[in-house]
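J.: Pasting the feature list from Swiss-Prot:
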ACT_SITE  GLU138  active site, proton donor/acceptor
BINDING   LYS112, SER113, THR114, TYR115, ALA116, ARG117, THR136, LEU137, GLU138, GLN157, TYR171, GLN181  dCTP binding site
Amino acid sequence: MSIKSDKWIRRMAEEHNMIEPFAPNQVRATEDGRKIVSYGTSSYGYDIRCADEFKIFTNINSTIVDPKNFDEKSFVDFKGDVCIIPPNSFALARTVEYFRIPRSVLTVCLGKSTYARCGIIVNVTPFEPEWEGHVTLEFSNTTPLPAKIYANEGVAQVLFFESDEICDVSYADRGGKYQGQHGVTLPKT
């Protein structure tokens, strides 16, 4: 299993719509010159962006967090260019990009150091072979202060690994519960 380069990422995005929308190079500023947290193709990965729709965790309803029976009222929906995550809390978001992962590929996603150095952890599970959809992102604010997340800017890097052998059963074959997801998707069982 080997990591894939920028050339492979560009080719797969352009010829197979693996990433839409796609930035073939690193974008570090807006068109008017304002600096942003970078996104787009890097040497051996792709820096993904956070869309402007968020679900911010709240404990107003004083419920128990149960992944098998998650209470949707535990979140407050928010849409905007900046999301403020309360201290020691978290928020869900989704990527701007829609992914179509080839059958021979598995990805690993790691948070960008810009956020990690501020105590904001980005968690994303691997994108499995033949999974497609918007990626649901989880941001944990590990600090005792409110934390900002910027929409339409880079938040994490996706690394693509291609296997030397095709899997017997892909995510699509087994009817994965998050296949084709759009928007911020809550836990499913």
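Every residue gets a Cβ built from N, Cα and C, even glycine.
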J.: Have a look at the binding-site residues (THR114, THR136) and report the one with the fewest Cβ neighbours inside 10 Å.
T.: THR114
J.: Give the three-state DSSP assignment (helix, strand or coil) for THR114 (dCTP binding site).
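T.: The residue in question, THR114 (dCTP binding site), is helix (DSSP, three-state).
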J.: Can you give me the Cα-Cα distance between THR114 (dCTP binding site) and GLU138 (active site, proton donor/acceptor) in Å, rounded to a whole number?
T.: 16
J.: Using the residues the record lists for dCTP (LYS112, SER113, THR114, TYR115, ALA116, ARG117, THR136, LEU137, GLU138, GLN157, TYR171, GLN181), what whole-number Å value is the largest Cα to Cα distance?
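T.: Max span of the dCTP binding residues, Cα based, is 34 Å.
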J.: Distance check, please: Cα of TYR171 (dCTP binding site) against Cα of the residue listed as 'active site, proton donor/acceptor', rounded to an integer number of angstrom.
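T.: TYR171 (dCTP binding site) and the residue listed as 'active site, proton donor/acceptor' have their Cα atoms 21 Å apart.
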J.: C-alpha of LYS112 (dCTP binding site) to C-alpha of GLU138 (active site, proton donor/acceptor): distance in Å?
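T.: About 13 Å separate the Cα atoms of these two residues.
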J.: Please report the Cα separation of GLU138 (active site, proton donor/acceptor) and ALA116 (dCTP binding site) in Å, rounded to an integer.
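T.: One finds 13 Å between the Cα atoms of these residues.
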J.: Around the C-beta of TYR171 (dCTP binding site), how many further C-beta atoms are within 10 angstroms, looking at every protein chain?
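T.: Taking all protein chains shown, TYR171 (dCTP binding site) has 21 Cβ neighbours within 10 Å.
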